[in-house]
Amino acid sequence: MKSLSSDSSTWRGATASLHKFSNVVIMGFSNRHEEVCHFYSRHSFQLFSHHLNLGFPRNHLQLLVRRSLSRKLYSSSSINTRPFPDYSPKKPTIKDSELVHQISKAIKLRRSEPLCRILKPYESKFRSDHLIWVLMNIKNDYELVLNFFDWARLLRDPNLEARCIVVQIAVASKDLKMAHELIFDFWSKPNLDISLSFTHFVDRLIYTYKDWGSDPNVFDVFFQVLVEVGMLSEARKLFDKLLNYGVIVSVNSCNLYLTQLSRNFDMLGMAIKDFSEFPQVGVHWNTASYNIIMNSLFQLGKVKEAHLFLLRMEFKGCIPDVVSYSTIINGYCHIGELQKVLWLVKEMQMNGLKPNSYTYSSLILLLCRSGKVVEGEKVLRKMINQGVYPDNVIYTTLIDGFCKMGNTEAAYKLFDEMESQKIVPDFVAYTALICGLSQTGKMMEAERLFNEMLKKELEPDEVTYTALIDGYCKSGEMKKAFSLHNQMVQIGLTPNVVTYTALADGLCKCGELDTANELLHEMCRKGLQLNICTYNSIVNGLCKAGNILQAIRLMEEMQEAGMYPDTITYTTLMDAYCKTGEMVKAHGLLREMLIGASTYSCHIQCAHEWFLFVRNAGRG
C-alpha cells in the first residue's frame with residue numbers, strides 16, 4: 001500500500017482534480033446541464049479510483065469533496081453576534097410582595113384542591129404584574145406554572161411578557177407542543193395588528209430568553225407558528241434577526257418555510273433564492289430540503305435544473321431518496337422524456353431504492369399519453385409483483401388509456417380488477433369507462449354504468465353527461481340525448497360547446513337542420529365560443545341535405561367570426577360539389593384551400609384529397 005508522502009505529486013494531482021470537480025458542481029443551475037452531468041459521470045470515477053490507489057477508503061474522498069464544496073459555499077465572513085439582554089422586571093412594592101408571597105405559598109401548599117377555590121380571595125386584587133412575580137417563585141415546578149397560568153388567563157388575557165415567560169418555561173421543560181399552542185393561540189386572535197404585534201412578540205421573546213429558559217428551540221417553535229399561519233415575510237425577518245444573536249433556525253423549520261413558499265407559484269422564486277442564501281449563514285440542508293426545491297423547479301418547468309440538484313445534493317452529503325427520484329421522474333414525465341424516465345428508474349433501483357406508487361403512477365401516465373398503454377399495463381403487473389400496490393389514479397389512467405384506444409374490453413377488466421382489490425372507483429374512473437363505451441357505440445353498457453354511478457351517489461359531471469349525449473346522438477337516439485341534456489341542466493350543470501356540438505351533429509345526421517340551426521343560435525346567445533367541430537357538423541348536415549349554398553354561407557359566417565375553415569370543412573364542401581357534378585366550384589375551393597395552407601405537407605394532403613374526390617366522382 002502506498003503512503004501519502006511517497007506519492008505527493010499524485011496526491012496533488014488528485015487534489016487539483018478535486019477542486020476542478022467542485023468548481024463545476026458549484027456552477028449551480030446555469031444552462032450547462034449536459035456539461036455538468038457529463039463531467040460528473042466521467043470525473044467522479046477517476047477521482048474515486050485514483051484515491052483508492054493512494055490507499056485511502058472511498059468515503060474519505062467523499063468527505064474531502066464535501067469539505068471542498070463547503071469551503072467554497074460557506075466562505076462568507078462570520079456574523080458579529082450580540083448577547084441576549086438581561087431580564088430586569090419591574091420590582092414589586094411591599095404590598096405587592098406580600099400578595100405575591102401569599103399566593104405563591106397558597107398554591108405550593110395545595111394538595112388536590114382546585115386552584116380556583118384556593119385563589120378565590122385574591123381575584124379582586126390580582127393584576128398582570130402579579131402573574132410575572134408569582135411565576136418567578138414557582139418557575140421550577142412546570143405543572144404548577146401551567147395550572148397557575150390557566151387560572152390567571154381566566155381572569156383576564158395575560159400580557160405578552162407573561163405569555164412569553166410561560167413559553168420559555170414550556171420549551172425548557174421540553175414541552176414544545178404546549179409552547180406551540182401558547183404562541184399559536186396569540187396569533188389566532190381576531191383584529192390583531194400583525195406588524196406591531198410581531199415586533200413586540202419578538203422583543204419580548206428575546207428579552208425573556210436569558211433568564212427564563214435559554215433554550216434556542218423556543219425560536220424554532222415561534223418560527224414554525226409564523227410559517228403555519230402564513231406570515232412568511234415575518235418568518236424571514238425573524239430568521240434574520242436571530243442571526244444577530246447567533247441563533248440559526250433548525251433545518252426542519254427552514255424546510256417547513258420552503259414548503260409553504262413553494263405552495264404559492266408566485267413565491268417559488270423566493271424559495272429557490274432563500275435556499276441558495278441560507279447556507280451562507282450556517283443552515284445545512286438535508287435531503288428533504290433538496291426535494292422541496294427540486295419540486296419547486298419542476299413547477300417552474302425547469303426539469304433539467306431540478307435534475308442538476310439531484311446530482312449536486314450527493315456532493316453536499318445528502319443522499320437522494322425515493323422522493324428525490326420520483327420528483328425528477330415526474331418532471332421528465334410531464335415533458336415526455338420517456339428514455340430519461342426509464343434510465344432514472346433503473347438508476348434508482350441500482351442505488352437500492354424501490355420505486356413507490358407515485359413513481360410508477362408518473363411512468364404509467366407517460367406511457368399512456370404516448371399511446372403505449374399495453375406497456376403501461378406491464379408496469380402495473382411489475383409493481384404488483386414487487387409488492388407496490390396501485391391506487392385509484394393508476395387504474396383510472398390505464399382504463400382511460402385503453403378506452404381511448406377503443407379497447408373497452410381491456411378497460412373493463414381493469415375496472416373489475418380494481419373493485420376486486422377493494423379499490424373503490426371514483427366518478428373519474430366511471431366517466432373514463434363511460435366515455436370509452438359511448439365512443440364504441442356500447443350505449444346499453446354505458447347507461448348501466450351511469451345508473452350504477454347514481455346509485456353509489458357519485459355525481460356525474462359535464463364530461464360524463466356529454467359522453468353519453470354524444471353516444472346517443474351518434475346512434476340516432478336523439479330523444480335520449482335531449483333527455484340527458486335537460487337532466488343535466490336541472491341538476492345545475494352547464495352544457496358546454498362540446499355538448500351542443502354533439503347535439504347539433506346528431507340533429508344534422510337525422511336531417512333536422514332547422515333544429516340544429518336553432519341550437520347554433522342558442523349557443524351564440526349563451527356566449528359559448530363555437531369551435532370548428534360545431535361548424536363542420538352543421539356544414540356536413542347541410543351538404544348531405546343538398547343545401548350547399550347555405551353551407552357556403554355558414555362557412556362565410558364562420559370566417560367573419562374569426563374562425564377559419566380546416567381541411568374537413570373544405571373536404572365536405574368539395575365532396576358535395578363533386579357529387580352534384582359542379583367540378584369547377586370544387587376546384588375553386590381546392591385552390592382557396594391551397595392558398596390558405598401554411599406548409600408544404602398540407603399542400604400535398606389537400607392535393608391527394610382532391611385526387612380522391614375526382615376519382616370518386618368519376619366512379620359515381
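Positions of Cβ are set from backbone N, Cα and C atoms, glycine also.
What you are looking at is a predicted structure, and each value in this text was computed from that prediction instead of being measured.
Now, the feature entries from TrEMBL:
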| type | residues | note |
| --- | --- | --- |
| REPEAT | 286-320 | repeat 'PPR' |
| REPEAT | 321-355 | repeat 'PPR' |
| REPEAT | 356-390 | repeat 'PPR' |
| REPEAT | 391-425 | repeat 'PPR' |
| REPEAT | 426-460 | repeat 'PPR' |
| REPEAT | 461-495 | repeat 'PPR' |
| REPEAT | 496-530 | repeat 'PPR' |
| REPEAT | 531-565 | repeat 'PPR' |
| REPEAT | 566-596 | repeat 'PPR' |
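Within the chain carrying the repeat 'PPR' (321-355), a Cβ under 8 angstroms from the stretch's Cβ atoms is held by residues 287-288, 290-291, 294-295, 297-298, 303, 306-307, 310, 313, 362-363, 365-367, 369-370, 383, 386, 388, all 6 or more beyond its ends. A Cβ distance under 8 Å defines the sequence-distant neighbours of the repeat 'PPR' (391-425), meaning residues of its chain 6+ beyond its ends; these are 357, 360-361, 364-365, 367-368, 371, 373, 376-377, 380, 432-433, 435-437, 439-440, 442. Counting residue by residue with DSSP, the repeat 'PPR' (426-460) contains 26 helix, 0 strand, 9 coil. Over the repeat 'PPR' (426-460) the predicted model carries a mean pLDDT of 94.
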